[in-house]
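Asker: Before we start, here is the structure in question, set down as structure tokens.
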Amino acid sequence: MKNLLIKNAVIVNRDGRQTGDLLVRDGLIEAIGEGLPAEGCEVIDARGAYLLPGLVDLHCHLRDPGYEYKEDIFSGTRAAAAGGFTSVLCMANTKPVNDCAAITRYIVEKAQAAGYCKVYPYGAVTKGLEGKELAEMGDMREAGAVAFSDDGAPVDNTRLMEAALLYAGRFDGYIAVHPEDRSLTADGVMNRGVTATVLGLPGISRAAEEGPIARDLILAEENRARVHICHISTAGCVDLIRSAKARGVRVTCETTPHYLTLDDTACEGYDVNAKVAPPLRTPADQEALIQGLLDGTIDAIATDHAPHHIDDKVGEFLTAAKGISGFETAFASCYTRLVKGGFLTLEQLVEKMCWNPARIANIPGGELKAGAIADMFLADGEDWTVDAQRFYSKGRNTPLDGKTLSGRVLMTFQDGRIVHQREEF
Amino acid sequence: MALKRKDLLGLRDITRGEIEEILKTAETMKKVVVGPNKKTSHLQGKSIVTLFYENSTRTRLSFELASKYMSAVAANIAASSSSVKKGETLIDTAQTIDSMGTDVIIMRHPMSGAPHIMAQHVRSSVINAGDGTNEHPTQGLLDMLTIQEKKGGFEGLKVAIVGDVVHSRVARSDVFGLTRMGARVVLAGPPTLLPAPGCELPGAEYAPTVEEAVEDADVVMALRIQLERQKKGLFPSVREYARFFEIDPKMLSLAKPDAFVMHPGPINRGVEISSYVANSDRSVINEQVTNGVAVRMALLYLLTRRDA
């Protein structure tokens, strides 16, 4: 394998940045410095662009096996690479469900064959996501699962949830929770608020999300177990987790680009692309989430990339599928809102999208230093217009179609190999 | 006279001028409805389809008669007998109907926003005849015509709307339309059937009891309570509902002496409205039905003239 030298980049880590070159040998970072020798190397001139650790996504849906018409592992990991992601954790709600080692192995092997992005599957917590019996977590952990989640079909039974939290710990795994009290969600399709009332759409309360978080924090505390809370969307979630962390509860959490950048008025006109679970909330919630990122309550930003086929995302708002295709807009959304908006430095964004997620999942990546894997991407701060029809993902379901964002992913590297290159670069 | 808009999907975005024009035209049309000769040529050569995904007697018949009184070609589709059962999507159904040369599609659908989606995909005008828990704009307009006839206008009136507000598309259209015209609308009912605190419909007021809403009101409207709501745990019993939330003569006595009572129908006697009130000369329920035909005639006329 030829060595790779990236010259004239602004190399950004969570703890600082330096201008210079980065040398890759055998898929690992060999050196970072100024004026590194180019002999025997493929040379890329970054022309002053940012070189960042590859993004690590704690939450996505690749839909494979079973729903390949929405996304498959090839299209999904290709889209991930286009978005600057080099490692992703995919949820278990496939068909069949990823609740046994054979399915876990299928996902890992197919992703390796695709070669665009490292894929670490979540195993199901319960067989068939039915919330009745624990799935074989130990077996799946050996096959490549890093953590366990029933995601959108959360474990309602509190006793079973307690058992899952304890059992996963034995295998150095953890439970990731999609907090939702489905009896409260009922037929709700968007945030409960004035916009829902005006549109005549049934709302989803904050309690539907915050209630289960309170339950699982108490369970984790009492059992000294580790828990990860997925895609929090409200100010109340931030408060609950902040106070739990202050008590020493072993909790980590994520939010998503869409909860940081969009609010429930995006549902106006019955735009089904703004339908997502949990629902888009309010500007006040966005402020609380940003505060949570700043004070360390929120550890990570994950995409919850949820691609859907156009047939599942057309027509009536009440029956349309929930979810947003997020890989290819995540970095730009966060760069625009958080970095350009003056809330976070690029270093802090690296911490939330690279370093912390890799540490939570206990996987390689998240930093650029000698000896680390050469998973990284080049980006700049230029404006571009989202065109969902040009997504690599099969899911074109985004409320950002046609919007102008700042922050372009120019090139993505997987173990030092180029896996994505933007046309204009 | 004509409306500039292609569709009537709700009263949320309607202007005062548009309401005034519709009501003025409806007053003229009403003469046809109550007169001896119920045939005009206003819609001669126009094709009008009602597409109902929900059961309805009065609204569908009202639109059908409005079309026929004005000599339109009118056809009805009940969703149960159409290709909807074969799995056709809403948009495909819409475009199929549209491709047959229709001028107006009148649509009722159990899901909020369905007519808005349809309107984006057809050339025909779309009239929302009730969508889920969102709006029922022609009911709102016929309520307004009734109030205008009785009170001469809207400015400063107090209108009490009582009952299952949160599930009522009628209440929503009435609030949007009446507040736009300067009336006060006060809502009351069981808290489980009102928007949650912080989610109130803008423009309306909320009273903690039906008594406070009805007190000194010029107009009192009772909303239909669907008995399935009891099974969902939203109120304990019909008996208790009637005891605290029914418009009965005692409740009505709190309103102004010349106040009248409305109901969008069909009524549950002894639940949201007592027969003593519904049968009394304070009730304008049957006039509402007559005005419904007049308002729908006016609307069909104004929308089909938009290219003229």
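Even glycines carry a Cβ here, placed using N, Cα and C.
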Asker: Given that TrEMBL assigns B:R58, B:T59, B:H136, B:Q139, B:G265, B:P266 to the carbamoyl phosphate site, pick the one from B:R108, B:R239, B:R243 that the record assigns to that site as well.
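Answerer: Record source TrEMBL; matching candidate: B:R108.
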Asker: Taking chain A as the partner, extract the binding-site residues from B:R169, B:R224, B:G265 whose Cβ is under 8 Å from a partner Cβ; order them by sequence and answer 'none' if none remain.
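Answerer: From B:R169, B:R224, B:G265, the ones near chain A are B:R169.
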Asker: Find the shortest Cα-Cα separation between B:R224 (L-aspartate binding site) and the binding-site residues B:R58, B:H136, B:Q139, B:P266, and name the residue that gives it.
Answerer: B:P266
Asker: With every protein chain in view, how many other Cβ atoms are within 10 Å of the Cβ of B:G265 (carbamoyl phosphate binding site)?
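Answerer: Other Cβ atoms found within 10 Å: 17.
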Asker: How many Å separate the Cα atoms of B:T59 (carbamoyl phosphate binding site) and B:R169 (L-aspartate binding site)?
Answerer: 13
Asker: Helix, strand or coil for B:P266 (carbamoyl phosphate binding site)? Use DSSP.
Answerer: coil
Asker: At 10 angstroms around each C-beta, which of the binding-site residues B:R169, B:R224 has the fewest other C-beta atoms nearby?
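Answerer: Comparing Cβ neighbours within 10 Å for the binding-site residues B:R169, B:R224, B:R224 has the fewest.
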Asker: Please state whether DSSP places B:R108 (carbamoyl phosphate binding site) in a helix, a strand or coil.
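Answerer: Its secondary structure by DSSP: strand.
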Asker: Give me the CA-CA distance between B:R58 (carbamoyl phosphate binding site) and B:R169 (L-aspartate binding site), in Å, as a whole number.
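Answerer: For B:R58 (carbamoyl phosphate binding site) versus B:R169 (L-aspartate binding site), the Cα atoms are 16 Å apart.
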